[in-house]
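Listed in Swiss-Prot:
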- Asp96: active site, proton acceptor (ACT_SITE)
- His124: active site, proton donor (ACT_SITE)
- Asp96, Gly123: Mg(2+) binding site (BINDING)
- Thr382, Thr383, Thr384, Gly385, Arg386, Pro387, Arg388: substrate binding site (BINDING)
- 1-56: transit peptide (TRANSIT)
Amino acid sequence: MNISILRLDSNPITTATSPATATANHRSGILGCYNGTYSCRLNQLQQRKKNPSIIVCSTTKPLASVVDRHGVSESGLSRIESLSQVSGVLGCQWGDEGKGKLVDILAKHFDIVARCQGGANAGHTIYNSEGKKFALHLVPSGILNEETVCVIGNGVVVHLPGLFKEIDGLESNGVSCQGRILVSDRAHLLFDFHQEIDGLREAELAKSFIGTTKRGIGPCYSSKVIRNGIRVSDLRHMDTFPQKLDRLLSDAAARFPGFKYGPEMLREEVERYKKFAERLEPFITDTVHFMNDAISQKKKILVEGGQATMLDIDFGTYPFVTSSSPSAGGICTGLGIAPRVVGDLVGVVKAYTTRVGSGPFPTEIMGKGGDLLRFAGQEFGTTTGRPRRCGWLDIVALRYCCQINGFASLNLTKLDVLSDLSEIQLGVTYRHPDGSILNSFPSDLRLLEQLKVEYEVLRGWQSDISSIRKYSDLPKSAREYVERIEELVGVPIHYIGIGPGRDALIYK
């Protein structure tokens with residue numbers, strides 16, 4: 001879509017210009033090894049590294065002159081191999097930043113890819129070597145790399161029907177999952193009724209609704225916190241499972257009159273989960289033991305974050321947040337590993353900002369401008385299909401995320417989406433209604449709705465950059481945009497996304 005004719009104003013209140021910038025103010029398993037030794041699976045990892053059977057490459061030939069067997073340039077390979085033994089990829093905005101693609105690329109150079117929090121509300125879209133699209137919600141994005149073991153950690157809430165649907169879809173397309181997906185025995189089970197009461201809860205809130213994905217994430221974490229939740233390990237004890245499920249369903253019926261529960265529902269669910277338990281058994285693993293054993297054996301581990309810091313239960317725009325910790329702290333609590341072993345964290349941020357659902361959005365572009373940016377970037381939720389709200393890159397929020405997580409570097413995604421614009425704005429400062437500057441990202445939602453955003457306006461490049469693979473080949477204005485972001489947040493940008501394909505990535 002050509003959006004070059006549009007100057008995407010954020011409804012400025014006042015505008016001032018200077019030679020360089022203009023500012024505007026805006027309201028803004030181990031398979032079968034769970035009861036034995038974990039070294040068997042780790043040894044298999046080493047053998048796979050020695051005997052790779054498939055070369056995965058992009059459908060588009062990279063322009064770099066020297067590439068490894070996965071289509072990564074020599075400079076890119078050097079950048080990836082410099083990452084620490086335990087590294088992580090986390091979102092810097094309100095989710096949907098494109099984390100899955102980077103994880104998919106990095107996974108080829110790691111032994112293990114692990115999810116530590118969230119559930120099926122995390123939607124990651126990745127592509128295989130034939131360009132086929134996969135939308136994953138529970139299975140880590142590293143699954144397309146057959147040498148990688150994927151771990152679903154104790155901090156994840158697992159909806160078994162959804163997990164099996166993803167596994168079936170992957171295997172029907174030739175992606176082997178047996179022995180490659182390990183599900184923590186400590187992870188909590190998310191039931192269909194959690195999804196039902198998620199909708200009932202939203203209906204209760206009426207106009208104050210949070211805008212959840214209605215995947216049952218919040219209700220499941222609520223069950224966990226009030227200590228009547230059911231864990232994966234409970235599937236091994238079908239003698240007590242019915243009583244635990246009855247208590248859980250009875251509590252839900254007592255709280256929500258609209259939720260109809262009776263003996264027949266319990267019988268049906270118990271029979272259903274007996275079958276699920278049998279199928280899941282080969283995947284169930286003490287992942288805390290597995291992860292720490294892998295660390296001691298110097299295996300490389302990549303942590304794939306779901307959602308993003310601005311949706312964190314503690315640091316996000318509460319209550320318009322998720323129910324877990326998608327920031328750095330969630331890695332340790334969601335996998336059972338020590339803080340001292342966690343090394344490089346890469347923050348993923350779009351070249352602009354999007355948000356799904358309700359909640360403050362200081363740099364949102366209202367009206368036609370937001371609609372055009374949404375269609376140019378195909379901004380529709382992977383999990384829900386809902387249109388995402390769109391706006392300019394919020395430097396204040398990004399700097400806040402960098403402070404919380406201590407990112408070693410950033411991955412700037414979807415830079416190509418801005419290619420048709422004649423000018424691009426960066427939200428660089430928050431001001432109180434009286435004009436005074438806020439020195440931090442506020443927790444007060446009323447203040448977030450009232451504050452004014454000061455923008456810098458940079459020149460656009462108005463040319464197609466999707467085939468470029470070297471940073472120096474980007475138009476000058478595109479490089480100035482990247483470098484201005486680095487300057488404002490104080491964190492280097494090492495990866496730049498310029499398209500959806502696996503190879504559409506610039507290593508800086």
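Cβ coordinates are placed from backbone N, Cα and C, and glycine is handled just like the others.
What Swiss-Prot annotates, mapped onto the structure for a quick look.
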residue : record                       : Cβ neighbours (10 Å)
Asp96   : active site, proton acceptor : 26
Gly123  : Mg(2+) binding site          : 21
His124  : active site, proton donor    : 24
Gly385  : substrate binding site       : 8
Arg386  : substrate binding site       : 13
Pro387  : substrate binding site       : 15
Arg388  : substrate binding site       : 22
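The recorded positions close to the residue listed as 'active site, proton acceptor', defined as a CA atom within 10 A of its CA, are Gly123, His124, Arg388 out of Gly123, His124, Arg386, Pro387, Arg388. In this structure, the C-alpha atom of the residue listed as 'active site, proton donor' lies 13 angstrom from that of Gly385 (substrate binding site). Spacing of Pro387 (substrate binding site) relative to Gly123 (Mg(2+) binding site) is 14 Å (Cα to Cα, whole number). Between Gly385 (substrate binding site) and Gly123 (Mg(2+) binding site), the C-alpha separation comes to 10 Å. Gly123 (Mg(2+) binding site) sits 13 Å from Arg388 (substrate binding site), taking the Cα positions as reference.
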